[in-house]
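The next block holds one structure in the form of structure tokens; read it before the comments.
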Amino acid sequence: MTDKRKDGSGKLLYCSFCGKSQHEVRKLIAGPSVYICDECVDLCNDIIREEIKEVSPHRDRSSLPTPHEIRHHLDDYVIGQEPAKKVLAVAVYNHYKRLRNGDTSNGIELGKSNILLIGPTGSGKTLLAETLARLLDVPFTMADATTLTEAGYVGEDVENIIQKLLQKCDYDVQKAQRGIVYIDEIDKISRKSDNPSITRDVSGEGVQQALLKLIEGTIAAVPPQGGRKHPQQEFLQVDTSKILFICGGAFAGLDKVIGQRINTGSGIGFGAVVKGQSEKATEGELLSQVEPEDLIKFGLIPEFIGRLPVVATLSELSEDALIQILKEPKNALTKQYQALFSLEGVELEFRDEALTAIAKKAMARKTGARGLRSIVEGVLLDTMYDLPSMDSVEKVVVDESVIAGQSAPMLIYGQPEAQASGE
């Protein structure tokens, strides 16, 4: 085909599909006795892309990894937390198996199993959810429960969560309905007391009520392309019963609630226990014994707990686990910085005692794995600032004294006589 504006007779030409003249479009492409404009070509491409999108979910469903494969993939990125990995692997496998079989098996309707993750800050809750979404190649979005309020109040509406998920997959509803939503800080929306209050709690119990139907499964009406709702608007209809919701929170103080329950009824007189079981147990051991009644006492309403039937607890990371996190996962922090330095043609080495010092510092901060990056970033900041302006640096070495703030990283130059310390 050739680009033509007029035929040999100089007659004005029109697109054979939309009827626009050659003056109304940028290009008019001619074939044997037919013309098509650039706008119609774009429209045809859009139609083909939409058909490809509709076919792709069926292809994805045929390759569902087994629980063992899911667990092994999580092992590549998340250190420790073995019980939580096992619970997540089974729950995620069952969820997507339910979707693949159309929510029923031999006429039996299969229930939805959303997940509640309980564990201290920096224990890997968010990373587990992100890694699962990457493995399954499904849309993933995160929401902060502390920003949510009931509809009609100042704050973020719970349906905005679905809007964010749609944005991640270019507003493809079918793809969004197979996605994963992670709601963080879910413990922060617990009601303020055990007893229901006559005053409205729009950011606590009110949000729990608003999330109920969304998590259980409803048809959410979402404005297309993120616009505001108005009566004459056409909405995108999203079935949330097919979306996997994972809620996570630190639940600070929940271990004490569990401890009180365990110690209740320990007896008096000859039947008394001198020291309660909970006083000897660690926080992680207590959290692993969590029951729905403990969560209710903490401030979650029974209906909300019922929508999160799968509960996985994560323990606080030990010093050894933090050292492993620094060097073993596929995207380990030390590997990330080594890759960053290699872009400058420089080798970065972390001595073993330096890794131990970083882990000890993170333990003291009580921020778990989340605090590791800020520590490493802090000790390497000056080096990363100066390195692009320096010549002949071949290697940077970080030892224990660097982490302690007693010296700067050692710089090793290409010429032996130019070896110097960055002090």
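The backbone N, Cα and C atoms fix where each Cβ goes, glycine too.
C37 (Zn(2+) binding site): 24 other CB atoms within 10 A of its CB, across all protein chains. Taken from Swiss-Prot, the feature Zn(2+) binding site covers C15, C18, C37, C40, and the record attributes it to sequence analysis.
Positions annotated as ATP binding site by Swiss-Prot, on the basis of sequence analysis: P120, T121, G122, S123, G124, K125, T126, L127. Taking Cβ-Cβ distances under 8 Å and a sequence separation of 6 or more, the neighbours of K125 (ATP binding site) in its chain are L117, G119, D184, G248, L314.
For 2-56, the entry in Swiss-Prot reads domain 'ClpX-type ZB'.
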Note the Cβ centroid of C15, C18, C37, C40, the recorded Zn(2+) site, then list each other residue of that chain whose Cβ lies within 8 Å of it, in sequence.
S16, F17, G19, K20, V25, L28, Y35, I36, D38, E39, V41
Taking the center of the Cβ atoms of P120, T121, G122, S123, G124, K125, T126, L127 at the recorded ATP site, which other residues in this chain have a Cβ no more than 8 Å from that point?
G119, G248, L314, G368, A369, R370
Counting only residues 6+ apart in the same chain, whose Cβ is under 8 Å from the Cβ of G122 (ATP binding site)?
L317, A362, T367, G368, A369, R370, G371
Nearest of the binding-site residues (C15, C18, C37, C40) to T121 (ATP binding site), judged by Cα-Cα distance:
C40
Please report how many Å separate the Cα atom of G124 (ATP binding site) from that of C40 (Zn(2+) binding site), as a whole number.
49
